[in-house]
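Quick one: the structure is below, questions incoming.
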């Protein structure tokens, strides 16, 4: 049964400006494991990775119906690339959900869609 569907899109230039102004933004959005994947990239690909993860986490919060705040933070949701290249969502052990995520990029933006199944 589908619990929710979320969609988010973000401008790459906006993410780049935020990171330039506040580099700690990366640590607020990404988990330690995600940061290790992020650090493997160079230049604009880093911004694409960060923006894609940000959009995916926002899409998750929308699909969950909670948004981010008191009960959910960006680092509660971890999205890692698995061996075949797909993004895989890891949640706290008590979540009891199946989460499907798709992330895409253009030259100017990143977008993600999340479907939560219970």
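Each Cβ is built from the backbone N, Cα and C atoms, and glycine gets one as well.
Pulled these features from Swiss-Prot for this protein:
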type	residues	note
BINDING	8, 58	Mg(2+) binding site
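If you look at the structure here, what lies around each of the features I listed?
Under 8 Å, Cβ to Cβ, and six or more positions away along its own chain, residue 8 (Mg(2+) binding site) finds 54, 55, 56, 58, 59, 62, 111, 112.
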Near the Cβ of residue 58 (Mg(2+) binding site), how many other Cβ atoms are there if near means within 10 Å?
22
